[in-house]
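Okay, structure first, notes after.
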Amino acid sequence: FDIVGYGCMTCIGNSGPLPEPVSEAIEKGDLVACGVLSGNRNFEGRIHPLTRANYLASPPLVIAYALAGTVLIDFEKDPLGTNPEGKLVYLRDIWPTREEIQAVEKEIVVPAMFTDVYSRIQQGNKRWNSLVAPEGQLYPWDDKSTYIKSPPFFEKMGKDVSKPESIKDAHVLLNLGDSVTTDHISPAGSIARNSPAARYLGNRGLTPREFNSYGSRRGNDAVMARGTFANIRLVNKFLSKAGPRTRHILSGDEMDIFDAAERYQKEGRQVIILAGKEYGSGSSRDWAAKGPWILGIKAVIAESYERIHRSNLVGMGIIPFQYVGGQTADSLGLTGTETFSIDVPDDLKAGQELQVKLSDGRTFQVKTRFDTEVELTYFRHGGILNYMIRRML
């Protein structure tokens, strides 16, 4: 056993690569490799792109599963292994008693340790204290930085609030199913070497070992936009294989999702997303709403939403629509190749139902998931960021 990292390093997938023979075996056999961790996130592919099934457990159980070498074990009946004498060893034989744990706590976890650390907490360290910080009220953006970049959220913002924009002949960028998590939408882990984000960083002179993770580059919208929907386990109904790819409907070309969104924007076409139940489930993540906004996504039509992610979409000016009357994309016969038009009235109400017009002449109703008047206010401003800026002016 080796310590490879603490906290976010493991949780976000920065613990390093698997041994090459293991990686090759998983990919060649299309194996469902498992991980057991004592973190707080177990999305598929998050701990490592090649571990699809990840299980949360207490630290002692992580060790126990590691000793067993499999998750297919019943600790009550199955042994972890054998001792040097050949005797079967079960979990109950090595599980520490409460008295043993307390003895270690009394010896190791002592008040003096916390007193010492917190007495020096404001002193920093030599490297931190030697940093030169810029002065002035405005941040001096460095165009060469690949970590911190001036974001585009206010580039097209005017002083006055404009009328809400309707959805007109929008194409479907992604046709998704149930339980799409915020980690599918905006992964925090490693940057794949063949991804749009990797190409962006490579063009700026970085080598793959310098790419770091999406989580570490949250201050660079160009990287995060290219990392939106970049999860290798994303299932898009337009394609037969999971991955961060989609189909450009007009041409039929298969391409990276960022490239498709960029092409639609250059063509002057709006895009939306179709989704199933619990869209945006998992941990709250601001880039799961910011990234889609940069890609030009105007709306999502889903069966249901995770509460916080729906609110975050509203906060970026993206309309969360919901099917009504138990309808779904399947029950309506939606293929995602249609174009979608929705007239958004100037006097839009919270929870109002609107009509969706398809390019083939069909129509159906959706409910706008603005659940409060405050959310409607944010939307009319183009998002909560714009709302706050206008309040400050």
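Just so it is clear, glycine is given a Cβ too, placed from its N, Cα and C backbone atoms.
Over in TrEMBL, the protein carries these features:
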type	residues	note
DOMAIN	198-323	domain 'Aconitase A/isopropylmalate dehydratase small subunit swivel'
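Secondary structure of the domain 'Aconitase A/isopropylmalate dehydratase small subunit swivel' (198-323) per DSSP, as helix, strand and coil residue counts: 44 helix, 26 strand, 56 coil. The average pLDDT the prediction assigns to the domain 'Aconitase A/isopropylmalate dehydratase small subunit swivel' (198-323) is 95.
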